[in-house]
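What follows is a short report on a single structure.
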Amino acid sequence: MSIRFVAADAHWRVAPLPGLSAAQKDWLTRGGSLTAHLRALGAVAVRVTREGVALPWPDEHAALGLAPRAPVWVREVVLAVEGVPFVAAHSVAPLAASAGVWQAMRRLRTRPLAELLYSDSSVARSSLVSRRLTARHPLYRLAACAIESLPPHALVARRSVFERHGAPLMVTECMLPALWAHLATVSGAGGSGDWSAHPRVREHGRPLEHTASRAHPATRASDEQRR
């Protein structure tokens, strides 16, 4: 399965925009769990900002193969590292799937969605796509609620579709300015968190494949301990 897009919407790209920074290109194409990558920077907390039934965004329904006004289950969270918001995430699944194949997403509360996506061998993931966000996009407005102020046209986001037993779940992640500021500080100090010091598997342009084998090592170790 691949993400299906409306031909008129050319904003989402398989390869990151050439004008983005090296750090942005790196984080937009990292495979595995984003939560696990954030944990390498510090303690991660999940704050749920919205959860319930809604309508898909204009650039979501076609990608999920849904009718424009088909109801979906939405989960929106902010991922904070050491108390500072680094990522605003928006996940959406067909309403029927959220009560069936993906029903566990309704019970996560403040646990990360990665717990479902990277410990189940029946879950597969599409390639990653990314784009720059403007104030007109609903994800930009979601990000604005997570922090006090946003510079115009300063946000980038990525998305992919996870599939389990034929049911899709789309995850869109918007990186916030504090993430780039932190990476720049760590990189400038030559610390162990330097983004360039840790090569990662790149997911853009890859076909759908199972996620359990691609989980971050820390995630796999945690899963094994729970067993």
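Just so it is clear, glycine is given a Cβ too, placed from its N, Cα and C backbone atoms.
As written in Swiss-Prot, here are the features:
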type	residues	note
BINDING	R75, L113, E173	substrate binding site
REGION	192-227	region 'Disordered'
COMPBIAS	200-212	compositional bias 'Basic and acidic residues'
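Swiss-Prot feature annotations superimposed on the structure.
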| residue | record | Cβ within 10 Å |
| --- | --- | --- |
| R75 | substrate binding site | 21 |
| L113 | substrate binding site | 22 |
| E173 | substrate binding site | 23 |
Inside 8 A of the center formed by the CB atoms of R75, L113, E173, which other residues of the chain have their CB, for the recorded substrate site? E76, V77, A89, H90, S91, P112, V171, T172
